[in-house]
Amino acid sequence: MLREMEEATGGLAAGNVIGEGGYGVVYRGVLRDNTAVAIKNLHNNRGQAEKDFRMEVATIGRVRHKNLVSLLGYCSEGACRMLVYQYMENSNLDKWLHHDGRKISPLTWDIRMHILLGTAKGLAYLHEGLEPKVVHRDIKSSNILLDRHWNAKVSDFGLAKLLCSERSYVTTRVMGTFGYVAPEYARTGMLNERSDVYSFGVLIMEIITGRSPVDYTRPADEVNLVEWLKRMVAERRVEEVLDPRLPDRPPSKALKRVVLAALRCVDPDGGQRPTMAHVVHMMEDDQMSRDELKIARDLSPRESDSYEREYDR
C-alpha cells in the first residue's frame, strides 16, 4: 500500500502538495485505475496523532453520505500513516472565503446556501442517522470540502466522538478550533451534538459575512464575529453584514431567514439550539414559522421584537 501511495503522488513530490498543517501534508494523487485522490500523510504515529488516525478510519470508514467525504483507503505500515480520500476539485470553503484574492468572489448567494445546506445534511446524518451518533467536534470552513459543482463534503473526523443516544460526554481535554467551539463545551467539557450545532451557526455567519470567527486585525468591537453580528441585528443593520465580495445580493427575507437560523444555532443555552435536522428544515423552507422567529435568549427583547417586525415587512 505504501508503495502505491508513493507511486500515486510521484514519490510524495512537492509539486503535488495541495494542503499542509500541523497534522501533516495532503497530496493530490492518481491511482493505477486513474482515480484522482487526496492523500493525507500524517506527521507521526504516536499519542494523540495515532488516536486521531484510528478515529478517522473507524468513523468515516463506516459511513456513506453524499455530504461526507469518502475515505477510499488508508496505509498503516511501520511509522507510516496515510489516509486516502476522494479528490475535491474546489479545495475547501476556507480558501474561497479568506484566501481568494479576487475582488468579486465566485461564490454567489445561491452557491453559499447550497454549501450550507449540504453541510447541514451531512451533520444531520452524523447526529441522527447513525448509532452510535457521531459528534464531529471540529466543524469549520477548512473542513468543508467542495467538489467541482460546489457540493459540500464534511471532512476531517480525527477529533470525532461516538456518543450513545441521548447522552452527553464529559472530557477534560477540549478539542476543536478557537472561535467555533460552543461556550458550554469550552467551559465545562460537556459534549453532545449541540456542540456541532453551535459551530455550524458560526459557519453560517462566516459564509454570509466573509469574516473569520475571530479576527484581531479588526476594531476591538468587531473581533468576535458572533458578538458583532448580534449587535448588527440589534441595531437593525442586517443588510450591512453581507460579504462585500458577494457578486449578488439576496432577497431581504432570504438573508434574514438565514441570519435567524444562525442566531438560533449559537444560542448560549445548548438546550435551546435546534437539531441539525431542524436546521435543514429551516434552510429548505422559504417561509419560516412564527416559532422560527424566536431569537437566542441572550438577545434583548427590543432586538428580538424589532427583528420580527423587519422580517414581516
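Glycine is no exception: its Cβ is also placed from the backbone N, Cα and C atoms.
Copied from TrEMBL, the annotated features are:
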DOMAIN    12-284  domain 'Protein kinase'
BINDING   LYS40  ATP binding site
REGION    290-313  region 'Disordered'
Overall pLDDT of the domain 'Protein kinase' (12-284), taken as the mean: 89
Using a Cβ-Cβ cut-off under 8 angstroms and a sequence gap of six or more, which residues of the chain neighbour the residue listed as 'ATP binding site'? TYR23, GLY24, VAL25, VAL26, MET82, LEU83, VAL84, TYR85
